[in-house]
Amino acid sequence: MTIEYLKKASLTSKSDASDVQETVRAILADIEAGGDQVALDYAAKFDRYEGSIILSPEEIEAACAKVPEKLKADIRFAHDNVRRFAETQKATLTDVELEVVPGVITGQKAIPVDAAGCYVPGGRYSHIASAIMTVTTAKVAGCKHIMACSPPRPGVGVAPAIVYAAHICGADTIMAIGGVQGVASMAFGLFGLPKAKILVGPGNQFVAEAKRMLFGRVGIDMIAGPTDSLILADRTADPHIVTTDLVSQAEHGYNSPVWLVTDDRALAEKVIEMIPSYIADLPEVNRDNAAAAWRDYAEVILCADREEMAATSDRYAPEHLTVMAEDLDWWLDRLSCYGSLFLGEESTVSYGDKAAGTNHVLPTSGAASYTGGLSVHKYMKIVTWQRGTREGYKPVAEATARIARLEGMEGHARAADVRLAKYFPDETFDLTANG
């Protein structure tokens with residue numbers, strides 16, 4: 001059976017993408033040339049904010065005092081889960097040594113980058129969870145200086161809950177600046193801060209483009225597009241839960257794709273029927289986003305069986321992948337292309353987005369086919385080292401000289417020759433290239 005689209009997207013994120021490169025390139029160039037003052041000018045223009053950029057300890061304390069105790073407890077709960085998961089990830093990175101030949105020791109070390117810049121969105125929604133996800137993971141990795149920047153609200157500043165989350169999760173500096181100017185401030189080391197060695201966190205198309213342009217000068221977690229989600233559901237799935245989860249992810253933005261892949265026509269048709277009323281029940285801003293995302297970007301796909309469903313999912317390589325079907329272990333073993341996987345009706349992407357412990361900074365736009373999401377590993381440099389005895393390196397030197405000459409790299413060969421001549425003056429070696 002060829003897959004059947006019961007609903008097909010009329011747009012794709014690529015067809016919707018506007019050309020922001022010129023704008024971002026100009027802002028980055030202006031800020032790099034003009035420094036702090038130009039960044040302040042852009043903050044006043046775009047954020048309509050003229051307060052302190054670097055929050056003082058007193059400002060942090062005042063902001064934290066505004067956060068209700070129940071919300072503080074929830075943030076601490078989420079932070080603890082993310083921290084413990086990140087610590088478990090870090091434990092998989094062990095320093096190793098191997099004696100490749102007698103007398104030559106090679107090794108691997110994992111070294112955290114010195115300074116991390118965490119972008120925390122604060123526009124339409126105050127992304128408290130993004131502060132938790134990015135700052136906590138950088139702290140566990142061992143970064144010496146962690147910066148968190150977030151767009152301030154005019155006359156208000158950064159949302160107090162974001163300040164509280166960034167503070168308790170380990171941010172050394174909290175900045176009231178967003179957009180390209182926020183990313184640039186961290187990358188260029190403005191306002192007396194160290195230059196970020198890596199930039200992480202979600203953001204709008206301008207933030208994503210700024211990170212893309214800066215990549216190479218600094219590291220980045222990924223180039224993120226609109227968030228996307230796919231649900232795999234069979235006849236056992238509850239259409240109410242499926243519909244609720246699709247709508248919950250569509251509210252991210254007008255161009256956030258959501259996909260339902262199923263082998264049960266009745267389920268698919270029921271979900272299509274239910275979606276409009278579920279969207280209509282949302283608050284206005286959320287409703288407008290979800291309605292546009294469902295209308296323009298959503299798809300409902302009917303497959304013959306679970307193997308075809310799995311193959312379809314892997315082809316889409318979604319950021320978020322939920323399975324509501326029988327035999328969850330089969331799906332866990334079979335599926336291979338996703339940012340984060342949520343198995344069973346009991347799980348939901350919203351848990352991962354906010355508090356379950358896995359990171360919500362994930363690859364979008366099909367990038368899950370070749371990369372994973374934000375983790376401790378993104379903040380770490382995996383470096384290698386070696387040392388050895390003269391005798392141990394002797395066969396390595398001989399092989400190096402011959403390979404280098406065969407490649408035409410005489411300078412490399414001579415670096416081996418000189419050592420053999422110095423350490424073994426009474427021996428003769430055949431170091432010619434016979435290829």
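Cβ coordinates come from backbone N, Cα and C, glycine included.
Not measured: the values here are computed from a predicted model.
Taking a C-beta cut-off of under 8 Å and a sequence gap of six or more, Tyr119 (NAD(+) binding site) has these contacts in its own chain: Ser130, Thr134, Cys149, Ser150, Gly178, Gly182, Val183, Met186, Leu199, Val200, Gly201, Pro202, Gly203, Val207. The feature NAD(+) binding site is assigned by Swiss-Prot to Tyr119, Gln181, Asn204, with sequence analysis given as support.
The feature Zn(2+) binding site is assigned by Swiss-Prot to Gln249, His252, Asp353, His412, with sequence analysis given as support. The Cβ of His252 (Zn(2+) binding site) has Pro226, Thr227, Asn289, Ala293 as same-chain neighbours under 8 Å, each 6 or more residues away in sequence.
The number of other CB atoms found within 10 A of the CB of Glu319 (active site, proton acceptor), across every protein chain shown, is 29. Sequence annotations record features per position, and here Swiss-Prot assigns active site, proton acceptor to Glu319 (among others) based on sequence analysis.
What Swiss-Prot records for His320 (among others) is active site, proton acceptor. Long-range C-beta contacts of His320 (active site, proton acceptor), restricted to its own chain and to partners at least six residues apart, with a cutoff below 8 Å, comprise Thr227, Asp228, Ser229, Leu230, Gln249, Tyr338, Gly339, Ser340, Phe342, Val349, Gly352, Leu362. In the three-state DSSP scheme, His320 (active site, proton acceptor) falls into the strand class.
Rounded to a whole number, the distance between the Cα atoms of Asp353 (Zn(2+) binding site) and Gln181 (NAD(+) binding site) is 26 Å. Minimal Cβ crowding within 10 Å, among the binding-site residues Gln181, Asn204, Gln249, is found at Asn204. Between the listed binding-site residues, namely Asp353, His412, the fewest other CB atoms within 10 angstroms of a CB are found at His412. DSSP assigns Tyr119 (NAD(+) binding site) to a strand in the three-state reduction. Secondary structure from DSSP puts His412 (Zn(2+) binding site) in a helix.
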